[in-house]
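Annotated features in Swiss-Prot:
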type     : residues               : note
ACT_SITE : THR14                  : active site
BINDING  : ALA168, CYS171, THR174 : Na(+) binding site
Amino acid sequence: MQDSQKSSPGWHGTTILTVRKGGKVVIGGDGQVSIGQTVIKSNAKKVRKLGRGDVIGGFAGATADAFTLFERLEAKLEQYPGQLTRAAVELAKDWRTDRYLRRLEAMMIVADKDVSLVLTGTGDVLEPEAGVMAIGSGGNYALAAARALLDTDKDAETIVRRSLDIAADICVYTNRNVTIESLATG
């Protein structure tokens with residue numbers, strides 16, 4: 001476990017994965033919420049549509065913190081309609097400089113028809129290599145599985161589902177109760 005994960009007992013508790021392939025972008029996440037070594041909830045929805053439904057997102061980290069960030073991102077999307085990258089950069093600036101937001105412990109993956117991004121509390125706004133990125137405690141396992149499946153004939157949703165299953169086989173903080181959201185790409 002990373003040092004940043006030790007500061008909040010709810011930090012380690014999910015896997016979120018995005019894959020962009022074949023005219024579709026998909027974000028999937030498991031439903032497990034753990035505090036320490038105890039599973040508190042197995043069917044949490046950590047992936048959802050944002051804005052006017054033209055952006056999808058998923059979060060890893062403290063749930064209340066993530067919902068605060070989703071609300072802030074939705075406000076930025078209203079301010080910059082159709083400009084996910086601009087909205088994400090503006091949120092990242094606020095996240096990094098605002099005293100209250102700086103303490104929030106969460107990461108987000110967001111995507112629209114054109115771009116997929118990871119947002120972190122350190123002000124990073126990252127676009128994935130090859131259209132694949134993952135966050136959370138099982139993120140590295142899901143990412144490796146998705147990269148291995150990317151060159152197959154499987155579609156984006158199948159890759160996300162299979163990769164999250166593989167992560168659940170390895171990571172004790174990830175389960176198989178998966179939520180998926182997708183959008184057609186431009």
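In case you wondered, yes, glycine gets a Cβ from its N, Cα and C as well.
Keep in mind the model is a prediction, meaning the values are calculated, not measured.
Shown on the structure are the features that Swiss-Prot records.
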residue	record	Cβ within 10 Å
THR14	active site	32
ALA168	Na(+) binding site	21
CYS171	Na(+) binding site	23
THR174	Na(+) binding site	30
Practice item. Determine which residues of the same chain, besides ALA168, CYS171, THR174, have their CB within 8 A of the center of the CB atoms at the recorded Na(+) site, and list them by sequence. Key: THR15, ASP30, GLN32, SER137, GLY138, TYR141, ALA142, LEU164, ALA167, ASP169, ILE170, VAL172, TYR173, ASN175, ARG176
Exercise for review: May I ask you to report the DSSP-based helix, strand or coil state of CYS171 (Na(+) binding site)?
Suggested key: coil
Check your understanding: What is the interatomic distance between the Cα atoms of the residue listed as 'active site' and CYS171 (Na(+) binding site), given in whole Å?
Key -> 9
